[in-house]
């Protein structure tokens, strides 16, 4: 429940209040309204709802329909003139975040909040953190791959970082379920679209940065993408930063006045004696660790998670147990064919993560390597060039280009765009299942490998704006072993 008087105080303190318009009249103060629900979905609105108008696709008819079933007040950047009072603000998403916190009783102040940002590795690092904190605490997890608010039931999120109203509601649910910590991934879009406005994290972790999500509907430039990633540092009490990341110097200067730990190159927290399923750490996490996820980059993610948890009181024993217990669906999952060849299923969906994946596989598999991948339609268009230029440096690969969430684009046209940057022949098969069947048929012996990149554990393809059922790369690999 929230009163209109409280709404006005919060918005005025945030310098985000313009006025309330009722017909031809303008008000600076208002009273007599109490709201029992808050929503940005007009289909959920009724007489007791504080309704937010957000999004460029919002239509006046949505509001008119809500008014017809009893809606009596709304918050917006525009007066739609539908016969009820409107509270006008400069930024409705900003307002939505702060008012959601008040409505749900400020759960963000009662949970320990950990957030991860980076171009790659957010999900894996969040999983490491969840397993570490689960040893002695009761964490909730908000992840691209899986979300749990009670530690028992898991569901998939549609956004890396939910809309602020949904996010705060989930925090309240986690608190009601007796959770002590909340671990989440924070995308650059989360800051660009004010989904985490007003939140302060106990620990923020910056894993890495590389050009990605650059396109008409995401970030116009790399600078804009990088800036929005760095905002997590400004909104965290303590930070963990990968000192080996590109453009580290600006991040180092930005966090100088904060509590911080660096890990990786030229720091005291490094990895030595890196093996396929174990590593030794130096510095604050000094010791030997078992790990199920192969690849040095996964070991670095484990160190980042360990340092973050250490700041929240986790013991080294908890950190070791948590790292050893972590596996992630669709992240470096390995199957073995009847002929002994390995099949790697991984979510690698940009140039940097694909480069890391190739490096790990080529380190352990010395025979023929078949790579299957595609690029998403209508988003992240820069990835196509990144993939093509990277693959052009690996003429030893057998490459099959296929569909990966083509959306409104032709998957073969996307494949042609990737192939235009590759100087050796590649195969193009639009049907992903047929492409996987073909890829697995090309191996001959132990030492050979197939890499199924991009989809990870996703059991759908996005086609013409809809999620179409898809068995999943792992299930199809099992089918054709």
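Glycine residues also receive a Cβ, built from the backbone N, Cα and C atoms like all the rest.
Matching 396-399, 400-403, 404-407 against Swiss-Prot, the residues noted as motif 'L-lysine recognition motif' span 404-407.
Mean pLDDT for the motif 'L-lysine recognition motif' (404-407) in the predicted structure: 98. Residues 116, 125, 185, 207, 208, 301, 353 surround the recorded ATP site, their Cβ atoms falling within 8 Å of the Cβ centroid of 118, 119, 120, 121, 122, 123, 124, which are themselves excluded.
Within the chain, the motif 'L-lysine recognition motif' (404-407) has long-range Cβ neighbours (under 8 A, six or more residues past its boundaries) at 349, 373-379, 414, 432, 454-455, 461-465.
Residues near residue 120 (ATP binding site) in space but far in sequence (CB under 8 A, at least 6 apart, same chain), listed by position: 207, 208, 210, 297, 348, 350, 352, 353, 356.
Residue counts for the motif 'L-lysine recognition motif' (404-407) under DSSP, helix first, then strand, then coil, are 0 helix, 1 strand, 3 coil. A Cα-Cα distance of 14 Å separates residue 121 (ATP binding site) from residue 229 (N6-carboxylysine).
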